[in-house]
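Asker: Quick one: the structure is below, and I'll ask about it shortly.
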């Protein structure tokens, strides 16, 4: 038993928080294969029962970043990866928004995986749309540079995550690893729109982003529990702008968007979700388009491309209506 896991389990058994340095060391021990399955399970369960702190989340992310593959990216790159876990069954809103954001001129390094909740993850829907999940780091760099968007498949860039796959599966509960995807972008995207599935995660993830040196980001959760900027009502959000953390509320009707029901936003299989995304990019109007505009507009505000969400929505609408968003998809398909 390493010193770090012994000390960590001792503290967690007393429901005490782990110091950042100790957390970083114990994750390194985990990644180097020095922990037993029982120790890994105890660590993850102990953190979950106690409640993870922003410092613990950031330390996990720092250790995993060090173990993952990286790519070079333009300075203004953004990611729309969220935590998932809202179990709402909606279509792939943030993935669809990624094409719109890229069409508006902000490079998007979309980090994602196969489904973790619901029926369709970002990798599943992009595969249906004809985008290769096997792009090398070199080709992803080229896509970002010349097309303005790439998909970074978590399984390719973070193979170390496989070391805890069995323990996570056997525990059968959400753990700190369910929070880490948005913090592990291989392109080091300095701008983010990060959806979370619970209001309690808002301040935690915002603080973790700040610790990790995020340049500017919006963390959001819909009052309906959606891990997106929702269209069914208000969204609680936090803007992280360097050293500043500022809570605010997003109300769709203030931007001329009609409220809808969750049923209006339902997705289905990867094939069905792919068709929804394609129809939106081809110009179909309605609530599905509107929630994509709202999320893309918020992301453009987070990336400093727009002075506010209203201007961001206008830029997003222009990206769709001009065909630029659809063109991003077509170029990525052609490069597969």
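Glycine is treated like the rest: Cβ placed from N, Cα and C.
Keep in mind the model is a prediction, meaning the values are calculated, not measured.
So Swiss-Prot has the following annotated:
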type	residues	note
BINDING	82, 85-86, 90, 92-95, 110-118, 122	5-phospho-alpha-D-ribose 1-diphosphate binding site
BINDING	82, 113	anthranilate 1 binding site
BINDING	94, 228	Mg(2+) 1 binding site
BINDING	168	anthranilate 2 binding site
BINDING	227, 228	Mg(2+) 2 binding site
Asker: Quick check on the binding-site residues: of 227, 228, whose CB has the lowest count of neighbouring CB atoms inside 10 Å?
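Answerer: Candidates: the binding-site residues 227, 228. Fewest Cβ atoms within 10 Å: 227.
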Asker: Should any of the binding-site residues 113, 168, 228 have a Cα within 10 Å of the Cα of residue 94 (5-phospho-alpha-D-ribose 1-diphosphate binding site), which are they?
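Answerer: Final answer, ordered: 228.
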Asker: If I take the alpha carbons of the residue listed as 'anthranilate 2 binding site' and residue 227 (Mg(2+) 2 binding site), what is the distance between them in whole Å?
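Answerer: Rounded to a whole number, the Cα-Cα distance is 22 Å.
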Asker: For residue 228 (Mg(2+) 1 binding site), identify the closest of the binding-site residues 90, 113, 114, judging by Cα separation.
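Answerer: Result: the closest of the binding-site residues to residue 228 (Mg(2+) 1 binding site) is 90.
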Asker: Using all protein chains shown, find which of the binding-site residues 111, 114 scores highest when you count other CB atoms within 10 A of its CB.
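Answerer: Of the binding-site residues 111, 114, the most buried by Cβ count within 10 Å is 111.
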Asker: Quick check for the class: what is the C-alpha distance, in angstrom and rounded, between residue 82 (5-phospho-alpha-D-ribose 1-diphosphate binding site) and residue 113 (anthranilate 1 binding site)?
Answerer: 11
Asker: In which DSSP state, out of helix, strand and coil, do we find residue 111 (5-phospho-alpha-D-ribose 1-diphosphate binding site)?
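Answerer: Where residue 111 (5-phospho-alpha-D-ribose 1-diphosphate binding site) sits, the three-state DSSP reduction gives strand.
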Asker: Please state whether DSSP places residue 228 (Mg(2+) 1 binding site) in a helix, a strand or coil.
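Answerer: Its secondary structure by DSSP: coil.
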Asker: Sorry to bug you, but what's the C-alpha spacing from residue 90 (5-phospho-alpha-D-ribose 1-diphosphate binding site) to residue 227 (Mg(2+) 2 binding site), rounded to the closest Å?
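Answerer: Here the two Cα atoms are 10 Å apart.
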Asker: Using a 10 Å cut-off on Cβ-Cβ distances across all protein chains shown, tell me which of the binding-site residues (90, 113) has the largest neighbour count.
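Answerer: Its Cβ has the most other Cβ atoms within 10 Å: 90.
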